[in-house]
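Chemist: The active site, schiff-base intermediate with DNA annotation in TrEMBL covers A:Pro2. The active site, proton donor annotation in TrEMBL covers A:Glu3, A:Lys59, A:Arg263. As annotated by TrEMBL, DNA binding site applies to A:His93, A:Arg112. The domain 'Formamidopyrimidine-DNA glycosylase catalytic' feature in TrEMBL is assigned to A:2-115. What TrEMBL records for A:239-273 is domain 'FPG-type'.
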Amino acid sequence: MPELPEVEMVKNVTAPQIRGRRIEKVALERRDVIAHPAPDDFVELVTGRAVTGMGRRGKFLRFFLDDGAEMVLHLRMTGRLLVVPPEFPAEKHTRAVFSLSGRLQLRFADLRRFGRFWLLQKGEKDCTGMDKLGPEPFDAGLTSVWLKERLGASRRAVKTCLLDQRVVAGIGNIYGDEILFAARIRPTRAASSLSRPEWERLTRAIREVMRFHVEQIDVSAEEFLRGRGTEYRNTPLLKVYGRDGDPCPVCGATLQRAVVGGRSSVFCPRCQKRRETKVPSLRQGAAEKMKDVR
DNA sequence: CCAACCCCCTGAACGC
DNA sequence: TGCGTTCAGGGGGTTG
């Protein structure tokens, strides 16, 4: 479920608690929580190693180990990570428990069981999919020129493009809607139909919306634990996601819902126009079939 | 290359 | 109350 801001927060809460600690024991409640290598090998390779630090790439969490290996975790929809003392009551849906030095446990719980761990040994070729990710929203290389270059010829809906992790890493369905609202672009618009100013608004919105939410989701370890690893949903801050039928916070028009690329999308029909208001640069033959629907 | 569909799972919310 | 349906914020795979 979590997207970039939530994963970043999980990393920020978890890293200081486990940094420097040694993994003394690994208990897998479900073996299929390990994607790579074979579960027994994973346990053997991880046991005895110390965690030197954590990182994030897109929605992937990274745990750097003292032998140069890297443990990777993707929370997918419902994964939760908790750092607790061993006597702390067990969570429902616990899938893996890492016993750490200093009487602490790193626990992974995951209702829907989509979450996965990988272990990459030092120098091992990536098999997590991280290597296919596009730039982070805050990368200097993510410019409107680059985005237009990358997507300008695509007829896919711009919302679909935003959710494509190979384009930009870390955006999911929630922030996809929020970004498009901030950029005043309708999710259904074909990427190829965006104007220069729209590419610029979109690029700015990607950075600013993600930055805003990363800053807002600043939760302490105590708060996080109180919420059992789910207390990062800052719904009050979301302007359109999940607010289908509510008035637009900017203009008051009724927010609408549409399905784009199979994902539910909410937008403001007035702020996010179906097409550019300015004269769209006419390109020969490209968008021929679009008859002009009013 | 791309849309559409299926799959992986479980539980909450909703309609009857 | 009970039961069936639909939906959920992730991603990978196949098909046409």
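Just so it is clear, glycine is given a Cβ too, placed from its N, Cα and C backbone atoms.
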Chemist: To what whole number does the mean pLDDT across the domain 'FPG-type' (A:239-273) round?
Modeler: 93
Chemist: Could you check which of the recorded positions (A:Lys59, A:His93, A:Arg112, A:Arg263) sits closest to A:Glu3 (active site, proton donor), going Cα to Cα?
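Modeler: So, spelling it out, the nearest of the recorded positions is A:Lys59.
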Chemist: Which residue counts does DSSP give the domain 'FPG-type' (A:239-273) for helix, strand and coil?
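Modeler: DSSP classes over the domain 'FPG-type' (A:239-273) add up to 0 helix, 12 strand, 23 coil.
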Chemist: Rank aside, I only need the closest one: which of the active-site residues A:Pro2, A:Lys59, A:Arg263 has its C-alpha nearest to that of A:His93 (DNA binding site)?
Modeler: A:Pro2
Chemist: Can you tell me which of the recorded positions A:Pro2, A:Arg112, A:Arg263 is spatially closest to A:Lys59 (active site, proton donor)? Compare CA atoms only.
Modeler: A:Pro2
Chemist: Rounded to the nearest Å, what's the C-alpha distance separating A:Arg263 (active site, proton donor) and the residue listed as 'active site, schiff-base intermediate with DNA'? Just drop the number here, would you?
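Modeler: Each residue's Cα considered, A:Arg263 (active site, proton donor) and the residue listed as 'active site, schiff-base intermediate with DNA' end up 16 Å apart.
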Chemist: Among A:His93, A:Arg112, the binding-site residues in question, whose Cβ has the most other Cβ atoms within 10 Å in this structure?
Modeler: A:His93
Chemist: Please report the distance from the Cα of A:Arg112 (DNA binding site) to the Cα of A:Pro2 (active site, schiff-base intermediate with DNA), rounded to the nearest angstrom.
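Modeler: A:Pro2 (active site, schiff-base intermediate with DNA) has its Cα 13 Å from the Cα of A:Arg112 (DNA binding site).
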Chemist: Taking helix as H, G and I and strand as E and B in DSSP, count the residues of the domain 'Formamidopyrimidine-DNA glycosylase catalytic' (A:2-115) in helix, strand and coil.
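Modeler: Taking each residue of the domain 'Formamidopyrimidine-DNA glycosylase catalytic' (A:2-115) in turn, the totals are 26 helix, 49 strand, 39 coil.
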Chemist: Please give me the CB contact count at 10 A for A:Lys59 (active site, proton donor), counting all chains in the structure.
Modeler: 23
Chemist: On a simple 10 Å Cβ count over all chains shown, which one of the active-site residues A:Pro2, A:Glu3, A:Arg263 is most densely packed?
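Modeler: For the active-site residues A:Pro2, A:Glu3, A:Arg263, the Cβ with the most other Cβ atoms within 10 Å is A:Pro2.
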